[in-house]
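K.L.:
Feature table excerpt (TrEMBL):
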SIGNAL    1-26  signal peptide
DISULFID  Cys41-Cys120  disulfide bond
SITE      Arg68  site 'Transition state stabilizer'
BINDING   Asp73, Val76, Asp80, Ser82, Glu94  Ca(2+) 1 binding site
DISULFID  Cys74-Cys79  disulfide bond
BINDING   Pro168  substrate binding site
BINDING   His198  heme b binding site
DISULFID  Cys205-Cys232  disulfide bond
BINDING   Asp248, Thr251, Asp256  Ca(2+) 2 binding site
Amino acid sequence: MSPNKAFLFLALLSFSPQLFFIVSSAAEDNGLVMNYYKEACPQAEEIIKEQVRLLYKRHKNTAFSWLRNIFHDCAVQSCDASLLLTSTRRSLSEQEHDRSFGLRNFRYIDTIKEAVERECPGVVSCSDILVLSAREGIVSLGGPYIPLKTGRRDGRKSRVDLLEAYLPDHNESISAVLDKFGAMGIDTPGVVALLGAHSVGRTHCTKLVHRLYPEVDPALNPEHIPHMLKKCPDSIPDPKAVQYVRNDRGTPMILDNNYYRNIL
């Protein structure tokens with residue numbers, strides 16, 4: 001195996017289980033099992049797989065959404081689909097918090113849910129749909145297939161008040177990031193592996209301009225600065241304009257090891 005392929009293999013090998021550590025670490029305690037729906041809805045996982053495939057064919061950025069959804073839902077205490085709850089008079093939804101900026105394509109979760117409901121009404125939880133759609137999204141992006149246990153139950157309470165405690169912000173120090181993941185039981189190599197998810201997707205200009213204006217951060221790679229200034233021409237971007245820079249300009253639609261290469 002060539003050094004490049006070996007590096008890719010090790011990156012994906014570490015990335016795969018770490019990505020789903022917070023998904024499956026409590027599986028035994030919570031009674032999750034493989035093929036939980038084999039009796040009540042044997043086609044559930046196949047339906048979700050097909051819907052993710054169809055959506056990816058029409059809207060390729062949905063795969064990024066599924067990947068980010070699973071992190072935002074599961075990192076905050078549990079995989080309970082609380083991310084999907086909408087705001088009420090008494091409770092703000094997690095989707096409306098600043099930590100959730102850029103999350104999108106929730107309407108397509110409804111598309112997947114409706115397809116499952118047509119086959120098995122009232123059987124498959126939204127939390128399992130979130131997890132399984134993320135698994136299939138990773139496959140769509142060229143990543144590995146990861147067997148997962150199912151049988152999650154949906155929560156009915158927003159966890160918006162906990163987001164800042166669990167989800168790192170874009171401008172936090174690496175020590176703060178390590179502390180937050182450490183509280184979840186994820187060590188430093190695990191954090192490095194999780195960050196490999198940024199080999200796909202994009203960074204919104206609103207999270208980047210503080211390093212471009214009023215002066216360019218000297219720590220930035222000078223070869224990338226002209227591109228970033230072109231993609232983010234405004235010091236105060238319009239959030240509705242959806243201005244962004246790809247995380248990996250080389251292979252932005254492939255879950256590979258270019259994120260690590262770019263850092264090196």
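Even glycines carry a Cβ here, placed using N, Cα and C.
Quick one: how deep are these features, and who are their neighbours?
P.N.:
Taking Cβ-Cβ distances under 8 Å and a sequence separation of 6 or more, the neighbours of Cys120 (disulfide bond) in its chain are Tyr37, Ala40, Cys41, Gln43, Ala44.
Cβ-based neighbour count (10 Å, all protein chains) for Ser82 (Ca(2+) 1 binding site) stands at 23.
Packing around Cys74 (disulfide bond) is summarised by its Cβ count: 27 other Cβ atoms lie within 10 angstroms of its Cβ, all protein chains included.
Within 10 Å of the C-beta atom of Pro168 (substrate binding site) sit 18 other C-beta atoms, taking all shown protein chains into account.
In sequence order, Asn247, Asp248, Tyr259 constitute the residues six or more apart from His198 (heme b binding site) in its chain with CB-CB distances below 8 Å.
Taking a C-beta cut-off of under 8 Å and a sequence gap of six or more, Cys232 (disulfide bond) has these contacts in its own chain: Cys205, Leu208, Val209, Leu212, Gln243, Val245.
Within 10 Å of the C-beta atom of Asp248 (Ca(2+) 2 binding site) sit 20 other C-beta atoms, taking all shown protein chains into account.
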K.L.:
For Ser82 (Ca(2+) 1 binding site), which of these recorded positions sit within 10 Å, Cα to Cα: Cys74, Pro168, Thr251, Asp256?
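P.N.:
Cys74, listed in sequence order.
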K.L.:
Fewest other CB within 10 angstroms, which one of the recorded positions Val76, Cys79?
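P.N.:
Relative to the other recorded positions in Val76, Cys79, Val76 has the fewest Cβ atoms within 10 Å.
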K.L.:
What Cα-Cα separation, expressed in whole Å, is found between Val76 (Ca(2+) 1 binding site) and Asp256 (Ca(2+) 2 binding site)?
P.N.:
26
K.L.:
Sequence order is fine: just name those binding-site residues in Asp73, Glu94, Pro168, Asp256 with a Cα within 10 angstroms of Cys79 (disulfide bond).
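P.N.:
Correct set: Asp73.
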